[in-house]
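Marked as active site, nucleophile by Swiss-Prot: C104. Look at Swiss-Prot and you will find C200 tagged as active site, cysteine persulfide intermediate. The annotation ATP binding site is assigned in Swiss-Prot to G13, M14, S15, G16, G17, V18, D19, S20, M39, G128. As annotated by Swiss-Prot, disulfide bond applies to C104-C200, with the evidence given as sequence analysis. The annotation site 'Interaction with tRNA' is assigned in Swiss-Prot to H129, Q341.
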Amino acid sequence: MNKLPHETRVVIGMSGGVDSSVAALLLKEQGYDVIGIFMKNWDDTDENGVCTATEDYNDVIEVCNQIGIPYYAVNFEKQYWDKVFTYFLDEYRAGRTPNPDVMCNKEIKFKAFLEHAMALGADYVATGHYARVAYMDGEYKMLRGVDDNKDQTYFLNQLGQEQLSKTMFPLGELKKPQIREMAKEAGLATATKKDSTGICFIGERNFKDFLSNYLPAQPGVMQTLSGEVKGKHDGLMYYTIGQRHGLGIGGNGDPWFVVGKNLKENILYVDQGFHNELLYGDEVIATNVNWVSDRAKEKEFKCTAKFRYRQEDNGVTVQIVDENTIRILCDEPIRAITPGQAVVFYDGDECLGGATIDEVYRSGEQLDYLG
């Protein structure tokens, strides 16, 4: 039997930003028994000795007091280090480009946090993500948020039935300008706070400086695939496929791009032209596969896919190799498919799940991304 809202406890993850603030406000207005939780995942004292998490938590406290809900701070630093940051470093060490947001959602927000919330007697958890959950045809489905520009299902691709059955996304039917307006109308302390961007544990810091604190940089040669040396690179971990800026190659003609990495020889491959064929792949092997539905998949099916956040949907054919591996055949060649990143699958508005890009091929030949 369904509980009434006032009998339903919803524990919401609050970051100190406007999105989670408005999500908490909406739940409170809908009559739920709401508790705000601030997740401290990282000891993020910046160069000036200021802990930005303290500022964010103060904003959470102010908003929770404004809307009249209790709040707590919970420390997940150990879990975050073990499950997210260690993965982040391991991927860079392997010459890949990881997506820590996907792993944070999988291991922290919808695992450690969800378990903590259930221990507090929660019926549901909620977050400020732009996504929707619907119960249709006897199972939970994850749908894109109605704000195309802000939809975050790409980062939620590792969720499954268990998590979705206990999750609310109060912002899924709203667009960002509406959320700002609601925050202003309610006089919330975070109404005009700017959105955070980039990787949460790096913040405003220089990426190279941050990474070099944890991984020793190994400078090497930057060259074309034919062997023409174009300069030196600072360390393969600092570059991603399709990157243009920061290469330091002068001269006339088309701009230069990163087209590959040779980890064994510590070579960064570069070539000219945005539409250089070396940047285009038409077949992908991906692992760490997760399907939102528990129902058996066809051995081969058509859908659309995103190979990076905010990319247009691309038509693909997915072939199931085994429980943890899939082959993806692209209808058209796609630029700068990057090992380590997530590939996420859709059927219209429904997010079907996702996987991690491992190998990229063009016309049956493996691209020299991680030779």
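The backbone N, Cα and C atoms fix where each Cβ goes, and this holds for glycine too.
This view paints the features noted in Swiss-Prot onto the structure.
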residue	record	DSSP (3 states)
G13	ATP binding site	strand
D19	ATP binding site	helix
M39	ATP binding site	strand
C104	active site, nucleophile	helix
H129	site 'Interaction with tRNA'	coil
C200	active site, cysteine persulfide intermediate	coil
Q341	site 'Interaction with tRNA'	coil
Count the Cβ atoms, other than its own, that fall within 10 Å of the Cβ of D19 (ATP binding site), considering every protein chain shown. 25
Name the residue among the recorded positions M39, C104, C200 whose Cβ has the smallest number of other Cβ atoms within 10 Å. C200
With every protein chain in view, what's the tally of Cβ atoms within 10 Å of the Cβ of S15 (ATP binding site), excluding that atom itself? 20
Once the chains shown are all counted, how many other Cβ atoms turn up within 10 Å of the Cβ of Q341 (site 'Interaction with tRNA')? 24
Same-chain residues at least 6 positions away from H129 (site 'Interaction with tRNA') with a Cβ under 8 Å from its Cβ, in sequence order, are D19, G145, Q152, F155, L156, F169, L171, G172
Just checking, which of G13, G17 (binding-site residues) has the fewest C-beta atoms within 10 Å of its C-beta? G17
